[in-house]
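Here's what TrEMBL has on this protein:
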- A:12-32: transmembrane segment (TRANSMEM)
- A:25, A:68, A:111, A:156: heme binding site (BINDING)
- A:52-74: transmembrane segment (TRANSMEM)
- A:95-113: transmembrane segment (TRANSMEM)
- A:143-170: transmembrane segment (TRANSMEM)
- A:182-202: transmembrane segment (TRANSMEM)
């Protein structure tokens with residue numbers, strides 16, 4: 001595919017559907033903080049009750065994620081970062097965008113292995129997801145790694161949204177680009193706080209399930 | 001008397017040199033007597049007059065490229081203390097010493113500080129950065145340009161193809177074929193011209209080829225580095241808008 005279209009598609013998929021998915025993921029996880037186990041289970045059941053849920057996942061999450069991730073690694077490889085000589089805010093964000101992209105890529109693989117993949121191979125059910133998450137975030141080291149992963153993902157999305165607005169010619173002038181920086185960085189802060197609150201929500205003892213599930217969580221983690 | 005007072009002061013240089021396009025680069029130190037108001041070019045001229053390095057050994061004079069000496073031709077671009085810029089406008093009084101001078105290695109080095117900027121002119125040809133007015137008969141006067149438009153278009157016309165924006169860009173390198181910010185901004189200039197506008201689709205399509213506008217990653221170093229203060233990132237965003245519109249127009253019209 002010609003470079004222009006492949007890059008344009010990469011930019012589009014990052015926002016629609018992947019950005020949309022990240023926001024919906026954040027909202028359903030935030031239910032764990034707001035409504036406890038009951039709230040989170042309600043969100044899980046709601047998502048799984050959607051029609052054609054397999055195809056929604058395939059076309060709105062997995063395939064866009066694969067394309068955006070693999071092509072994104074290639075874009076990150078292509079840059080010769082030069083923040084040493086050009087120590088400017090936009091150039092630093094350009095570099096962080098590539099670093100957080102790679103971190104997010106690794107984090108998403110790890111996180112999907114722990115959760116969605118275990119459901120796929122039948123080791124756990126959707127109802128046990130809360131317990132799996134409880135097992136992960138109760139471990140201080142894994143909690144810290146999850147914070148890094150989540151901050152990377154939210155920054156990459158918020159800053160990517162800023163770049164999307166430039167790349168599609170929506171914010172053209174310097175003032176528009178400056179104001180969209182404030183909005184996007186505000187979005188980064190709000191999303192980060194909500195995700196981290198959700199993770200603290202999962203630490204609550206009510207997510208602790210029967211021993212069997214914890215054992216599964218442990219084998220998954222080891 | 002003034003000469004004896006200033007002769008004691010000297011300016012230190014660390015210059016990255018290269019004897020031929022294929023050979024390895026090395027650094028050589030120079031000490032040049034200070035004169036008030038001197039710039040990097042006049043210091044290089046001094047080395048040319050008295051080609052001795054800081055150790056006092058006679059060496060080959062440093063080669064460089066320059067023409068106008070008033071920051072309008074774009075020939076004397078080099079990396080001075082880490083920043084790509086015009087050597088003729090780099091005043092010694094405003095530079096931290098020792099002054100480190102390197103060629104802009106984004107381009108092929110010919111010798112010492114001389115680089116080959118051909119790729120920029122190739123890029124201008126690729127995007128058709130001109131206005132076709134030749135015909136077999138007199139085509140008559142073209143449409144007039146609005147003064148409000150002329151004012152911002154004039155800023156874009158200041159581009160001297162110096163290559164500083166390409167050197168500053170993290171995405172212009174050997175791993176990509178990105179044409180760089182300068183040529184993209186020239187598309188905006190020629191598409192703004194009332195006669196040039198008649199061929200605007202050709203230029204937009206050139207930007208949508210491999211190595212075109214998709215190579216921009218919004219680091220926005222170009223606009224900070226441009227010695228002429230050209231709003232390069234505004235030009236790029238504007239061309240992003242125009243190519244996006246062109247893409248949808250093309251899809252929906254077949």
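For all residues, glycine too, the Cβ spot is worked out from N, Cα and C.
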Please figure out which one of A:12-32, A:52-74, A:182-202 racks up the most CB pairs under 8 Å against the transmembrane segment (A:143-170). A:182-202
Which ones in the same chain are close to residue A:111 (heme binding site), with CB under 8 Å and 6+ residues apart in sequence? A:146, A:149
Given the binding-site residues A:68, A:156, the candidate whose Cβ has the fewest other Cβ atoms within 10 Å is A:68
Just checking a number: largest C-alpha distance across A:25, A:68, A:111, A:156 for the heme site, rounded to a whole Å. 18
Residue A:25 (heme binding site), Cβ-centred 10 Å count of other Cβ atoms over all protein chains shown, is 16
Excluding A:25, A:68, A:111, A:156, which residues of the same chain place their Cβ within 8 Å of the centroid of the Cβ atoms of the recorded heme site? A:18, A:21, A:22, A:65, A:104, A:107, A:108, A:153, A:157
